[in-house]
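This report refers to the structure that appears directly beneath it.
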């Protein structure tokens with residue numbers, strides 16, 4: 001059996017201003033729910049996704065109106081844009097002409113070789129990568145006939161078939177996804193893919209469900225895959241506002257220490273000792289830190305006895321007691337604050353630490369560029 005390719009060993013592929021693969025960073029992706037030809041609505045949704053922490057966004061391109069809108073959308077957003085293309089190679093060509101940053105296709109359903117070659121040549125000329133999207137629900141007929149039903153081996157065979165089409169045209173800026181709605185199938189498919197080739201992998205559990213059920217299902221499947229060192233980009237697919245997809249993705253990556261640009265909240269589950277409204281305070285603080293782009297850890301705890309010790313790894317936190325709270329940094333009590341002002345005091349400290357972290361990151365960036 002081939003050795004599994006860790007995410008840090010995958011081939012680097014440029015997508016806009018991002019490098020996907022060849023490092024330990026996972027890029028968060030989402031997809032718009034608007035009609036792509038409605039430029040105003042699509043841009044507005046992408047702006048909300050950007051603010052939530054989305055790093056790459058995909059749009060459906062089912063017709064010429066959508067393809068023609070790409071250029072206008074690109075002018076108004078700040079993150080790489082991906083075109084989702086099926087069947088009609090001319091839509092891919094139009095999207096590439098409009099400045100798209102990546103194309104998602106299956107070379108096998110684009111048609112004859114000259115059509116695939118036209119897309120590949122256009123992508124080569126612009127330095128645009130292609131994502132091969134393998135999906136358990138739409139495997140080729142000959143693969144289903146061979147295996148009887150969707151299997152991990154069949155999905156890998158499909159991926160290798162599409163990869164070969166591109167490689168035969170001397171195209172190697174490839175990203176691959178191996179999506180399934182069955183969690184165990186997805187885990188097996190991604191693991192086998194990581195043993196079969198070294199192209200970057202885009203992770204996802206497709207058709208995972210509504211906000212609550214889909215979050216649980218995606219976290220279970222993608223968590224197992226991430227823990228194996230697999231994956232370079234990911235999307236949490238939910239039947240919900242796509243901003244929720246980004247929020248869940250950020251939380252999932254934070255859980256594995258794979259998000260260097262997101263704040264983390266530590267809060268206790270509450271018990272009979274609690275004498276403050278911890279749940280509403282935790283929700284307020286979580287919302288406050290949700291858009292921070294630094295790895296600050298914030299703790300909100302209800303017990304002044306155990307709180308600081310339980311969250312000694314937090315950069316800043318509060319532990320509530322009757323009528324007052326303890327403000328602490330790295331487990332050390334800084335000062336006592338009245339209960340009615342402790343949340344505002346915590347927010348002030350968060351702002352100070354976040355600014356310090358941002359300045360330090362900028363300094364490191366300048367040093368690296370010298």
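Backbone N, Cα and C atoms are what each Cβ position is placed from, and that goes for glycine too.
Residues annotated as [4Fe-4S] cluster binding site in Swiss-Prot: 268, 271, 303, 310.
Counting only residues at least six positions away in the same chain, the Cβ atoms of 268, 271, 273, 274, 319, 320, 321 sit under 8 Å from the Cβ of residue 303 ([4Fe-4S] cluster binding site). Of the listed binding-site residues, namely 268, 271, the sparsest Cβ surroundings within 10 Å are found at 271.
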